[in-house]
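Report on one structure; see the data block that follows.
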Amino acid sequence: MEHVVDVEFGGKMVTISTGKMAKQANGAVVVKSGDTMVLVTAVAQKEAKEGQDFFPLTVNYTEKAYAGGKIPGSFFRREARPSDPETLTCRLIDRPIRPLFPENFLNDTQIIATVVSADKDHDPRILSMLGASAALEVSDIPFQGPIAGVKVGRVDGRLICNPTADELELSDMEIVVAASRDAIIMVEGEARFVSEDDMLDAIFFGHAAVQPVLEAQEKLKQLAGVAKRDVPPPVVDQALLARVRELASERMSAAVKIKSKQERHNQIDLITAETTASLAAEFEGNEKQIRAFLGDLEYECVRADVLNSGVRIDGRDTVTIRPIATEAGLLPRTHGSALFTRGETQALVVTTLGTSSDEQRMDSLYGEYRKRFLLHYNFPPFSVGETSFRLGPGRREIGHGMLAERALSAILPKHDDFPYTIRIVSETLESNGSSSMAAVCGGCMSLMDAGVPISAPVAGIAMGLIKEGEKVAILSDILGDEDHLGDMDFKVAGSSDGITALQMDIKIGGVTREIMQKALAQAREGRLHILGKMAETLGAPRPEMSSFAPRITTIWVKTDKIRDVIGTGGKNIRNITETTGVTVDIEDTGRINIASTSKEACDLAIQMIRGLTDEAEEGKLYMGIVKKIMDFGAFVEILPGTDGLVHISELDTKRVKTVTEVLNEGDRVLVKCIGVDKNGKVKLSRKEALGLNPDGTPATDAPAGE
């Protein structure tokens, strides 16, 4: 039986229905707003796999080409591997729901969101976030929801819930907020130098906006009437737990205070191995349980130290930033490079400048578009002292790269002012927390090293949270272990003027406004400190670009002259590029970008293009070639494809009986344009050019009339 709930969400109607499609899934809903429809299903295995010790949640999001009335452009004409935007949406759905499953629920669980119809003004990503929660709510899968996501924009100081594409063009922020009844669960987005207070207002504007949608999910859950599965509480062997604590408590408390990541992990591994060996005979077959108890013990020791004494793993207090070292211009053949080191986290970041032909073509439900700024984040296994099989970037690398890309996009010059394609690659060389923020800091420095005229330097910092009851500690510049053992990972990037990007994930039920306000204020202090350290090495863009970077010169031609530049079958443009070695990009507007590392080659290409597109100007001198002799005058080619008539009366100051007395076909002759009629016919005069050089100066060595 189908159940339907309608709700107004940000001024637009949203319909959530269940019981009509995909009825063999544990939970399935169709979410519709405007002409956008998303089918979201939730399925969990009946039992957890034997020995399972983590929650295997998988989220898939697919935009079907037919949803936009298109046929896929791939060779096989069907949807292939997920695009980067689809991968990012998978993460967007996953992150807010993951902390809301019971801790001891370890069954394989899969959420699949399929966009089956799409229009431009109703974002399927937001509807998919809503659908994932709703599908879990109407299923028998245990879930501590509901939650919902909302996109928030701001135009002329007015906050907008789920803005349209046109509104986003004018907005100075685009953030996605996921929230429950009482708290914020996830935030991510970008902005143009928005203050901490304004960002906080936008986040909680989003929190208020999702409340009607949460009520609608609860109503749909009641209509569906599906009982939740029982999740038996975990069985704890109290005798084993007591023995583990007896043997390892003091040693673990000391181990978590070791500052070096590798030494600390080695000591914890040693404690684990020795404790397991000591208890092997007494508690045979319980090795996995012993390791779990030791993990809990590490968790408790780290958190207790921070909450009770304010001392962190590496001895810092809650606000201190790790030591920072920066270097710029260390790779001689690249266009821009920087090495950013913060504690045991290090990133080598490189900027490369290209032309519009290097832009990335992106295909979406709404058509093709091009990206001129790309940031790719790499996380090789050696950065954490491990080995693994590498097959392209994973979801985490794509997500971290996009966060850093958003952080830096706000400071880039406009395309008209700087017509380059920009690619930044961040190679994580060492990682002990905040590697994505190292990509932001190093990326900014590499842009400046490349001579990109950015509007302001940008830095990023990762904030953490440890919360037990009423005790709260907010941590600046968190370590990897503080991320793993803490309750929040809150990344904030921006300039001294405001925030350009942020991303927050939590592992608890949510965070309050007070916690977020303090975290944002503390993040600003840390960000300003990092910007100061970066400025000690490089505080502004270099005045000159690398000699290895292409120089792009922009010229304009009339749109009806574009075909003349290209030529039949591309003949002219091919001749220009082969002759000069430059790269030429022609836009439909008549804008032509010429890229070359050689000024001479660029000047020659401009001359050749001008020769193809210039039009005769009255009063201007031209050195032309006689193409045809007639009784009444001579036709002279003054520009490629442009002839003009020199009437017999304009050949000389004295009377000329026949044209051939003065000119013959193939002669080079200096002429002056004396007019262009309404039909484009050019009138030339040799007579008025006599006694002049081609540049218009008097030719003293040639008497008039010769």
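Keep in mind that glycine also has a Cβ here, set from the backbone N, Cα and C atoms.
Some features that Swiss-Prot has for this protein:
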{"type": "BINDING", "residues": "Asp483, Asp489", "note": "Mg(2+) binding site"}
{"type": "DOMAIN", "residues": "550-609", "note": "domain 'KH'"}
{"type": "DOMAIN", "residues": "619-687", "note": "domain 'S1 motif'"}
Indicate the candidate from Asp483, Asp489 with the smallest number of other Cβ atoms within 10 Å of its Cβ, considering only these binding-site residues.
Asp483
For the domain 'S1 motif' (619-687), what are the DSSP-based totals of helix, strand and coil residues?
7 helix, 36 strand, 26 coil
Overall pLDDT for the domain 'KH' (550-609), taken as the rounded mean:
91
For a three-state summary based on DSSP, what are the helix, strand and coil counts in the domain 'KH' (550-609)?
32 helix, 16 strand, 12 coil
